[in-house]
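Quick look at what TrEMBL annotates:
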type	residues	note
TRANSMEM	12-30	transmembrane segment
TRANSMEM	36-56	transmembrane segment
DOMAIN	58-133	domain 'Uncharacterized protein YyaB-like PH'
Amino acid sequence: MKTYKSKFGYKLMLFLTLLFGSMLVFMIYKNEPLEAILSVGGIFLAIYLFVLYINFSTIYTITDAGVLIVKSGFVYNQRFDIQKIKSVRKTTNIMSSPAPSLDRLELTYGKFDIIVISPKNKIDFARELKKINPRIKNDLEILSS
């Protein structure tokens, strides 16, 4: 069994920091009531902490039984048969997925299904999948050559 942590989503955290910070500064500039600023700030803090939690709790586990387990906090927990994975490739797809970082991999499996993930060590992750299922088309091997 091998577990890979997700790459940290610095760009997303920077975006949220700038967005939430600028909105709070604007509210202060407009002399909004303190209760409104604290309420909005509390909501922003809760969202920010949740995104941090997802960043730190997202893991990808390749089991000895040939199963990929993708876990993202208490929100997402799925199992994928590695024998059904057809390809691994780098992607810039920003769809909602268990991939906190924008440095992502797209796995195709089944007939038309995809999952987007962001393991820290993408090359090693793809090689581990290919050890279990040699039929996987690994486009990362081309990039690492």
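Glycine is treated like the rest: Cβ placed from N, Cα and C.
A quick note: this is a predicted structure, and the numbers were derived from the prediction, not measured.
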Please indicate, using numbers and ranges, the residues of the same chain that are 6 or more beyond the transmembrane segment (36-56) and have a C-beta under 8 Å from a C-beta there. 6, 8-9, 12-13, 16-17, 20, 23-24, 27-28, 72-73, 75, 100
Average model confidence [pLDDT] within the domain 'Uncharacterized protein YyaB-like PH' (58-133): 92
Please count the residues of the domain 'Uncharacterized protein YyaB-like PH' (58-133) that DSSP assigns to helix (H, G, I), strand (E, B) and coil. 14 helix, 36 strand, 26 coil
